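Per Swiss-Prot, anthranilate 1 binding site is recorded for Gly79, Asn110, and the stated evidence type is sequence analysis. Residues or ranges marked as 5-phospho-alpha-D-ribose 1-diphosphate binding site by Swiss-Prot: Gly79, 82-83, Thr87, 89-92, 107-115, Ala119. Marked as Mg(2+) 1 binding site by Swiss-Prot: Ser91, Glu224. The anthranilate 2 binding site annotation in Swiss-Prot covers Arg165 and is backed by sequence analysis. Summarising the annotation, Swiss-Prot assigns Mg(2+) 2 binding site to Asp223, Glu224.
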Amino acid sequence: MKQILYKLFEHQYLGRDEARTILQNIAQGKYNDAQVASLITVFLMRNISVEELCGFRDALLEMRVPVDLSEFAPIDIVGTGGDGKNTFNISTAACFTVAGAGFPVVKHGNYGATSVSGASNVMEQHGVKFTDHTDRLRRSMEKCNIAYLHAPLFNPALKAVAPIRKALAVRTFFNMLGPLVNPVIPTYQLLGVYNLPLLRLYTYTYQESATRFAVVHSLDGYDEISLTDEFKVATCGNEKIYTPESLGFNRCRESELDGGNTPEDATRIFDAVMEGTATEAQKNVVIVNAAFAIRVICPEKPIEECIALARESLESGKARETLKKFVELNG
């Protein structure tokens, strides 16, 4: 590791194979915490390259616990985190909204590293027991139209660095990697990122894959569609900026999306959205993220129709019933 760190400190970049080997060594415990923290710090000081990102991703996908749910052609809705906004669990709520609308979802998530509550915190608050058994995940898809993959069960490197990430409490290149390494390799993905350079990096990376995707970024820094500002949506060969008003939504204030101070707070907000008792801002931000996910699956549908499908799922109680069945089956 010493030679690697010297190379990076001299402002050199890693090759794809080199990055792949380094992450494999991290997963195998070949470096101590101080060395790993030093490596992470390098990528806080400069942008990661495409070759480095792809190499790290290669390692995680090679080491993953494979899960074949391809027959469901599922979507994942996931953000990098690390935007410093501490929102409630918008993408998780959007996943259940999309599943309630009849589209298969495989959510890949983790505990919060830079926020109060990640998707796994909310699932755990509901008594969900995480599993890496394909038969149980397939049953969840068949019965509920959604399965949940707790990242550390499927990616040993993510588990190995979890304590370091939590101790640092700032975004790291592992935030960038999380959305890229869903072990199912879903057919569709809606990916949220915390800045425009990463939006371009993700778009470039996904153009080489078979996954149909959209990458979203709110221009005021959110790693999801926040409705607090204009937002950009990038797909293969296309980028477009939307305003909340152009889609029929009022702008939100940042305070209206806050996730609270504890996982319990975040779960109460999540439940209020599912129950239909949340604020208009909280419901709308879930609806718009779910709508753009549906648009990834059905690009021929106008976005207005996708918004209507997402709204109907949430407001009719279909999303709530999906969550209820999911918790009963997986608790």
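From the backbone N, Cα and C atoms, a Cβ is placed for every residue, glycine too.
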Check each residue in the chain of Glu224 (Mg(2+) 1 binding site) that is at least six apart in sequence and keep those whose C-beta is under 8 Å from its C-beta; list them in sequence order. Gly79, Thr87, Ile90, Ser91, Gly192, Val216, Ser218, Val285, Asn289
Integer Å value for the Cα distance linking Asp223 (Mg(2+) 2 binding site) with Asn110 (anthranilate 1 binding site) is 16
Using DSSP, would you call Tyr111 (5-phospho-alpha-D-ribose 1-diphosphate binding site) helix, strand or coil? coil
Which of the three DSSP states, helix, strand or coil, fits Glu224 (Mg(2+) 1 binding site)? coil
Cβ neighbours of Ser91 (5-phospho-alpha-D-ribose 1-diphosphate binding site) where a neighbour is any other Cβ within 10 Å: 26
In sequence order, which same-chain residues at least six apart have a C-beta under 8 angstroms from Asn110 (anthranilate 1 binding site)? Gly118, Ala119, Ser120, His150, Ala151, Pro152, Leu158, Ala162, Gly178
According to DSSP, does Gly79 (anthranilate 1 binding site) sit in a helix, a strand, or coil? strand
Neighbourhood of His108 (5-phospho-alpha-D-ribose 1-diphosphate binding site), C-beta criterion under 8 angstroms, separation at least six: Asp76, Val78, Leu149, Ala151, Phe154, Gly178, Pro179, Val181, Asn182, Pro183, Val184
Any idea what the Cα distance is from Arg165 (anthranilate 2 binding site) over to Tyr111 (5-phospho-alpha-D-ribose 1-diphosphate binding site), rounded to a whole Å? 11
Count the other Cβ atoms sitting within 10 Å of the Cβ of Thr87 (5-phospho-alpha-D-ribose 1-diphosphate binding site), across every protein chain shown. 26
For Ser91 (5-phospho-alpha-D-ribose 1-diphosphate binding site): DSSP state (helix, strand, coil): helix
